Amino acid sequence: MAVPLLRLCSFSLSPTPYTTPSIFHSFNPTTTFLRFKLHSTLFHSTIPMSQGSTKSSSMTPYEEALEALSSLITRRTRVGDVNLEERFNVLFEYVKMLDLEEAISNMKIIHVAGTKGKGSTCTFTESILRNCGFRTGLFTSPHLIDIRERFRLDGLEISEEKFLAYFWWCYDRLKEKTDDKVPMPPFFHFLALLAFKIFSAEQVDVSIMEVGLGGKYDATNVVQAPVVCGITSLGYDHMEILGNTLGEIAGEKAGIFKHRIPAFTVPQPDEAMHVLKEKASRLNVPLQVVNPVDARLLDGSTLGLEGEHQYTNAALAVALCSMWLKMSGHLQDTNLEQTQHTLPEPFIKGLATASLQGRAQIVPDQHVNNEASNELVFFLDGAHSPESMEACARWFTLAIKGQDQTSFHQKMDNSKFSTEMVKMNIGERDHKKSTQILLFNCMSVRDPQLLLPQLMKTCADHGVYFRKALFVPALSMYHKVGSHALTPTDTNINLSWQLTLQRVWESLMQGNKVGKSTDAASEELKDDMGMSANNFEHSAVFPSLPVAIKWLRDRVQQNQSTRFQVLVTGSIHLVGDVLKLIKK
């Protein structure tokens, strides 16, 4: 049965006041041999920082850390010779090496797995509890621009200084204690261990941990006694690892369930729900299902994250927070009548102010936009499954039509120019024609025959047709992190996958006979495709993302009467790369 949200939400808050410890007694980032002294109650010693890479004396201390972190990225495929269970079990050896056993057992953790909405649910959860007055730690993945985005303290990404201190503390200790039998942990395992170290050392009141992949063998699952667990919407993704059926996928996600630890989920397909309930029953887990938040409970406020599907994620976050408050001794089951019609004020504020880059985010391009109007606006969403692609398409169609103008005022780029410029955009709506363009890439393990039709059909159902689809290769190098992890423009790059995506798109366009407009905007798009590697009537392949963005900017300059609305989707990595380029 679905759980009434109000029954979970009545409480009186009395969090213990917290003062951030002074962690660093000395820290000199200008020396080659960096040293820091950690707070005596946390680490009891002065620990020398690694000298890092010596490849370039011009590298900053932060770049040296990213270089060392990049060395942990393996080039192995996700499956094959990798035994997930064996690799997971080694994690407990790393925990011992870092002396994190007691620290993790004492942490008050909210653990969240799922296919869709993990990041959004964790973001809502963190925002609610922070607005309730608690000190929060949030670990999510992936990052879009900076690795520090994955580690948030009180809603803000960890400072560079603290990141360096904690990074080298963990890295050097593991480097010293690992060997051929137990080598250095792979990239994500290290990041999860680092998150546990940061949050325990920072003495946060609550740690919200997002599962990276699956659940049962995910690095975050070393936690043995979370306060509460959550499973977001399930769907088909990462099937090469998690299984080919929803039941198999649900079984992997339910791997985060712990004996008698309460858990919540949202409405699921019958096959998935059956497995979740079965797994919960075996472990005596009280599993409850929550339905989407009723907008009336927000007392006139709107969710900080855009899209109808966010009401489901918000409901799960409300349930997780309520149970965490109860299990942590902060929830009192009194005065239920007082919250029959609205959520508690801190909950409403938390839901309304939640912010997450790359999910239903609107960013005008500062390079070409001026005070008169917004000629080039990017609509960014990291959807990469059929279900999330449909949700992305619904959001995009509503956003560009202005049916819900709050989508133009909330949760865009945080810089000051964005809100004002989009306000101008609404005011100028009747004076400019708009044309929609798709900028797309996805990983080769995903099936474009499932993603692109869902996107096209949902947009078409709402009367939106793309004049051109642009396909680009990945910009970021997956074996490196940091600003130096961007590939230079290379006209000889292998574009076979992008050409495959293009063929799928052209086939869909021909079959559906949609989008064949001959208006001025469409004619403009047909001209000057010299930078394209492969140009057709409805699509083009570009050798790199910078070239594609240059082409868009050139089109804007050549057609002042048209507003270009570019949907960027298919890959959270593509979204991050676009943000890096347009925010320069």
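Quick reminder: no glycine exception, Cβ is built from N, Cα and C everywhere.
Lifted from TrEMBL, the feature list:
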- Ser141, Glu210, His238: Mg(2+) binding site (BINDING)
- Arg359, Asp381: ATP binding site (BINDING)
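Here the features listed in TrEMBL are painted onto the structure.
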| residue | record | Cβ within 10 Å |
| --- | --- | --- |
| Ser141 | Mg(2+) binding site | 19 |
| Glu210 | Mg(2+) binding site | 26 |
| Arg359 | ATP binding site | 25 |
| Asp381 | ATP binding site | 26 |
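Calculated from their C-alpha atoms, the gap between Ser141 (Mg(2+) binding site) and Arg359 (ATP binding site) amounts to 13 Å. Asp381 (ATP binding site) sits 19 Å from Glu210 (Mg(2+) binding site), taking the C-alpha atoms as the reference points.
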